[in-house]
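According to Swiss-Prot, the GTP binding site annotation covers 23, 24, 25, 26, 27, 28, 140, 141, 142, 143. Swiss-Prot lists 11-193 with the feature domain 'tr-type G'.
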């Protein structure tokens, strides 16, 4: 094709993604669009087709983004090339969403006709507006008995400020309104800008590892053209590779002769090392490089840290390889080696949030067959020492000695909680118990309220989300952004077993709640740790001060069983001998700590402050 033909083809390309809150019907709508454009035959069709990970189907959530090419013949008789880029809806995967939106010109905003706008919808709409996307509102699930499309239309206009007069009323499940959506994409989403004759600039928005072909890049071509045989160069590190294959996904990979400006597809170039390709990097041609890299993504910093250790210590290298492979297409996962006296060798990993941590743990156990122990999650604290230094600490066992600490700052988040009016009291009570500060409250409509609080991230990491769902019968939706660091009265609590500190059980706690949290953990551990041949004291300590203690009683063998009557001094002698043996055993005996003990630091069900 000459450049004139390519420019004509470019005018027919439409790149868009679908954004929605969890369960508002995003994956179902994607399925219908694939059926309507006959991209997938009815034989191959299955629910949530784009959610290819088992985990995604089971949990009914989208974790990874996917990019698919479809052909659509519009009412004007022209055939258009659509690239549908599927995005996750959950707060922990906002990074994935921002990546997929950077590869688009338009976004379909799906809102449930019964539930209306949720906190997550807002967060993703703001991301789309930041990327200057054309937003097409779609009110989905209009066939539900509780649907109220007009109310939702007003919500979209009032809360988000979008013109919803032409919003498509649809039901993805019943296939209503799908054609209107496709026509709106043709009319309203702009064709990609960019120059096919300019030097190649392609944005990497994802990558997968293939055992035979190496790292396969998923790219959006912004300028120029790429074809097999080209020598490409990464703009961040200057490394060069020879392109062996380019193509598109329909969801299956299909090879093509070239990828030109506006296309979304994959590039294979025998890239062997995972570290050479960063998501957000720009690919260009080695013999005709672009002047500057594209504006990539904002690097997401992990907000939650936890230790991951293999239960079998010989699996340490397997765990490292598994983490490297996951990091390849999950750029927000960070890890570094760490050792613990209690757990041996493992990694300190950084995650975007608790769901992200859960998903990574499940993927490690499922896809790589590694049994893991996870320590309690913690956040990044700023510890200011008496020497006027500031240390960032994400691992409680690295906290400096209390005598060296001048003050500690902890991260606060701005939490947006959308909730029906009847539960506002419960939400405010929960937020206050979690040391939250009330900011403001807006009414979205007669019944729904948007409550905003500043809450310490450490409190959200624990079990805030579960508690929020249970106290609002599942009606609340929740989204948070990092806000600032604030000074707090925090202390490090150590747990001692038999007089020895167990580093993996240490945690940071607010001074006010230290005593009760210590008491609960000590009691919990007493139930979990099996009885030994000798008595084991469990203590919770802040610095040198013991704040709570409980003892696991020893198992006792009856050494007097063989004495039938007889002299009391004989019995005493046997008991003294047993006592001496226990004493010796206690001095050298170590206590086995089961996996549940590490998790008990996490779940504080019977905690009064929770």
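Just so it is clear, glycine is given a Cβ too, placed from its N, Cα and C backbone atoms.
Fair warning: this is a prediction, and the values are worked out from it, not measured in the lab.
Highest local Cβ density among the binding-site residues 27, 140 belongs to 140, counted as other Cβ atoms within 10 Å over all protein chains shown. Neighbours of residue 142 (GTP binding site), defined as other CB atoms within 10 A of its CB across all chains, total 19.
Averaged across the domain 'tr-type G' (11-193), pLDDT for the predicted model comes to 71. In the three-state DSSP assignment, the secondary structure recorded for residue 27 (GTP binding site) is helix.
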